[in-house]
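Following: one structure in structure tokens, then a few remarks.
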Amino acid sequence: MTAMPNLAGHQSQTDAENMINELLPIMDSDCSRQARFLLCASMFPLCSPDVSRPVAACKSLCETVKSECSQDSVAILWPKFIDCDALPQPERQELCMEVPQDELKFGRTKGHAATWPWLKNSNIIRPMSTIICPANFTAVNDECAPQCGSDARFTAEQKKIVETWTLALSAICFILTLFSLVTFWAEPMRFGYPERPVLFLALCYNLLSVCYLERVIFHNPLREGRSDDACVCCGLSTTSCLASYISTSYLTLSAATWWLIFSLCWYLSSSKQWSSEALEKKSGLFHVMAWVLPLAPPIAALLWGAVKQQELTGMCSSFGFVKIPTLFLLVVGAIFTILASRSLKGLSVTVNDDSFNRRLTQVRTRILVFSCVFFVPAFLAVVLGFFELHYETVPSCVFGEPCLSPKKYSSIPTLMRLFFILAGGSMGGMWVWSKKTCDSYRSRISSTPSTSSSAATKSGQFITKKTKHSGPLYAGINFHNVPIYNPSQGV
């Protein structure tokens, strides 16, 4: 951050920019390697919430630069407001800045500038670069990033709409996936492999909706009123933001992994003729794949320092660490789904049994509908996530030219991405949306009698109905001992 007024007495960065433009010949003359740093530190003194006053360059640095440039033709351009004798001196226990070996150090004793390790590579030192940023932006890693609490790239109205949109979609997703989980819990024997992964897919999106609800309701930075300039939206923010990033990224990858397992199970069942029991024996491996491996990408993003906070949603994200693996899992799962559908179609062509073929067609249609309803929104959500990447930074301003704020971006891509994530996740539990589920709930509701005799009667009816409707989707279909369909052999 910078503080005004500077050594020249300027009250605004615009005046400082105009003066810097006049001092460009000194910077470009290469009379001293530290001239640029000295001039920029004088025009834009370092300001940090960890230091009570602006930090200027050291007297020794000023004298070195002035001595090196005194023999150059640009000596006549030396600014009068830079008085080396007035600058702080480390031997007087005064805080100042030096640039030994091209690294910023803060000194207190002569000949040994004390380093502050906790400031190394932080957002506090980065703004000392020579770039100038528009209003509501600050320099981070030689780029202009939005400050927290400011409407840099989006308006307050856009942020409010996104907040309401996220809250509504998260609530809907939570309710629908909870209904699916309750249905699974009420009739666990009805949903065996290869359709069991849908249960855990719905669980992932149920927990994901909880994460969004918790972030919006309890830890929404848009309503916390942060206006500290040292807080930068593209840098690591609070612990709550990082926690929400890990949880949402982990659950997104877990959901994509369960989608892949779902497709793989149907492929193995239809094409390789694996039984439900054989798939059940591999359930331990499936759980390791879906619950352990997805931890790696978000942790790697944290260790790499690639986690950034989004201005519009207030949530953290990372470039590529989650989106690329998710995209890979979705595409591979879609390939297995196509292969499974092809195998089911081949079986219906090979077997001359109308009842078997009708049941097989029903299963195949349900798989395709579910796959499209889940895969398309999930895929589009990842694509829109890549599309939002150009929001991250804005170009810095050129010395001597007006530093105008960039135009506000559209919030439509973010709204669409949130819709595809949460609305698409809501559809993840549609596997239980069937006439069989309605009949099951109707039986349970109507099985509460007013007398003991009616209780026995209705209980018997319920048992009959439950026996009739509680079987798995693929009941009556035997994938084993069926000739494998070969398209080259014809019908």
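Backbone N, Cα and C define each Cβ position, glycine as well.
Automated prediction, rather than curation, is the source of TrEMBL annotations.
According to TrEMBL, the domain 'FZ' annotation covers 1-99.
Secondary structure at Cys69 (disulfide bond), as computed by DSSP, is helix. There are 20 other Cβ atoms within 10 Å of the Cβ belonging to Cys69 (disulfide bond). Per TrEMBL, disulfide bond is recorded for Cys31-Cys69.
Feature annotation from TrEMBL assigns domain 'G-protein coupled receptors family 2 profile 2' to 159-440.
The annotation transmembrane segment is assigned in TrEMBL to 165-186 (among others). Below 8 angstroms of C-beta separation, residues 198-199, 202-203, 205-206, 208-210, 212-213, 216-217, 313, 415, 418-419, 422-423, 425-426, 428-432, 437, 440, 444 of the same chain, each at least six residues beyond the ends of the transmembrane segment (165-186), sit close to that stretch.
The feature transmembrane segment is assigned by TrEMBL to 198-218 (among others).
The transmembrane segment annotation in TrEMBL covers 250-268 (among others).
Sequence-distant neighbours of the transmembrane segment (288-307) (same chain, 6+ residues past either end, Cβ-Cβ under 8 Å): 200, 236, 242, 245-246, 249-250, 253-254, 257-258, 261, 316-322, 325. Per TrEMBL, the feature transmembrane segment maps to 288-307 (among others).
Packing against the transmembrane segment (319-340) from elsewhere in the chain are residues 249, 252-253, 256-257, 259-260, 262-264, 266-267, 269-271, 297-298, 300-301, 304, 306, 308, 367-368, 371, 375, 378-379, 382, 385-386, 389: each is 6 or more residues past its ends and has a CB under 8 Å from a CB in it. Residues annotated as transmembrane segment in TrEMBL: 319-340 (among others).
For 367-387 (among others), the entry in TrEMBL reads transmembrane segment.
As annotated by TrEMBL, transmembrane segment applies to 415-434 (among others).
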Intrachain residues whose Cβ lies under 8 Å of the transmembrane segment (250-268), provided they are six or more past its termini: 193-198, 200-201, 204-205, 207-208, 211, 274, 278-279, 286, 289-291, 293-295, 297-298, 322, 325-326, 329-330, 332-337, 339-340, 343, 367, 371, 374-375, 378, 421, 425, 428
Go through the chain and flag residues at least 6 beyond the ends of the transmembrane segment (367-387) whose CB is under 8 A from any CB in it; none is fine as an answer. 198, 201, 255-256, 259, 263, 266, 317, 323, 326-327, 330-331, 333-334, 337, 340-341, 344, 413-414, 416-417, 419-421, 423-425, 427-428, 430-431
Just give the helix, strand and coil counts over the domain 'FZ' (1-99), going by DSSP. 47 helix, 7 strand, 45 coil
10 Å Cβ neighbour count around Cys31 (disulfide bond)? 20
